[in-house]
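K.L.:
Can you read through this structure? Questions will come right after.
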Amino acid sequence: MPTPFAPLKNDTFLRALLRQPTDYTPMWMMRQAGRYLPEYRATRTRAGSFLGLAKNPDYATEVTLQPLDRYDLDAAILFSDILTVPDAMGLGLYFVDGEGPKFERPLRDEKAVQALKVPELDSLQYVFDAVTQIRTELKGRVPLIGFSGSPWTLACYMVEGGGSDDFRTVKAMLYNRPDLMHHILQTNAITVAAYLNAQIDAGAQAVMMFDTWGGALADGIYQQFSLHYMREVMKHVKTEKEGVRIPSIVFTKGGGLWLNEIADVGADAVGLDWTVNLGAARAQVGDRVALQGNLDPSILFAQPEQIRTEVEKVLMSFGKHAPGSGHVFNLGHGISQFTPPESVSVLVDAVHELSRSLHA
């Protein structure tokens, strides 16, 4: 029995992803529910830990909605972590203050890799419960985005056992034992597709795949070990539910050189970091995909008038909208935890105000 969610009042974000006409350029921010907000920090304290926050649907709902109560954003994104997936695979996720995520049982040898299996999604029910609860609490204000890490980005953490400056362990496996790396990536691809589909079933109205570390790979290697598996995911992710289109976004940080290939991965939109010229990107992809991005998050430490100037540059770089074009304004990566919350108000208002003339 379908859950009777409220009708959507603001579908601007979804329309932009599908390259349909909009009155203005919609916007949201990667990590918009996060540590830069005092209300997030208060909820995080109540939850007791990051995992206490992410694994509790009530807390996850609360923090997902916090930026929407403060700013006129055009989408909500599920509050979760990409590493919930390898955690469900039995790698033992934990967090160390000041060091970030770690795994108790990283994939360091053939035995560990061969034992890796696609997990039962029941162990991620807390994520799907959060999706349904958030969608219900949104009451149709804006669409809800579900997400996952890409197969390669998840593999980086699974092999390294945490974050890394140089990815030497995972790259050594990639070059020395490509068979083991392909086994990990194939397992991840099957899991990520199922995970995104379960989020769609739970109420997500769009989905995004974060390939945060794709840009760490060499040309040629990226295509084999990251792009190929994102394409595998996209082949199996639902594009509609109950007759309604579910748009998808892929984002490789540092992937500007491969934009032409990423545009053919099977997603509706491609995210860009701040190193890419948006106008040149639009010319390159044509009307194959919408684009998302790509303001440097550090601009939010500047004065309000400078923020408005840089917003206008991004909007003008994309240019006037035409049939078949689509742009979702976003940062080129996640918002910094040190960002002044009032800078985000300036950003959101500037995007909405300055973009209207480009949609006339």
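Backbone N, Cα and C atoms are what each Cβ position is placed from, and that goes for glycine too.
According to Swiss-Prot, the record shows the following:
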| type | residues | note |
| --- | --- | --- |
| BINDING | Arg31, Gln32, Ala33, Gly34, Arg35, Asp81, Tyr157, Thr212, His333 | substrate binding site |
| SITE | Asp81 | site 'Transition state stabilizer' |
K.L.:
Is Arg35 (substrate binding site) helix, strand or coil when read with DSSP?
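P.N.:
Where Arg35 (substrate binding site) sits, the three-state DSSP reduction gives coil.
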K.L.:
Rank the binding-site residues Arg31, Arg35, His333 by the number of other Cβ atoms within 10 Å of each Cβ and report the first-ranked residue.
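P.N.:
Highest number of other Cβ atoms within 10 Å: His333.
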K.L.:
Excluding near sequence neighbours, so keeping only residues 6 or more apart in the same chain, what lies with its CB under 8 A of Ala33 (substrate binding site)?
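P.N.:
Same-chain residues close to Ala33 (substrate binding site) (Cβ under 8 Å, separated by 6 or more) are Tyr40, Val63, Thr64, Gln66, Pro67, Ile77, Phe79.
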K.L.:
Nearest by CA distance to Asp81 (site 'Transition state stabilizer'): which of the binding-site residues is it, out of Arg31, Arg35, Tyr157, His333?
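P.N.:
Ranked by Cα distance from Asp81 (site 'Transition state stabilizer'), first place goes to Arg31.
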K.L.:
In the three-state scheme derived from DSSP, which category covers Asp81 (site 'Transition state stabilizer')?
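P.N.:
Its secondary structure by DSSP: coil.
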K.L.:
Sequence gap of 6 or more, C-beta under 8 Å: which same-chain residues meet both conditions with respect to Tyr157 (substrate binding site)?
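P.N.:
Spatial neighbours, sequence-distant, of Tyr157 (substrate binding site): Leu83, Pro86, Pro101, Phe103, Gly149, Gly163.
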K.L.:
Measure from the Cβ of Asp81 (site 'Transition state stabilizer') and count the other Cβ atoms within 10 Å, all protein chains considered.
P.N.:
18
K.L.:
Need the DSSP three-state call for Tyr157 (substrate binding site) to compare against my parser.
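P.N.:
For Tyr157 (substrate binding site) - judged by DSSP and reduced to three states - the answer is helix.
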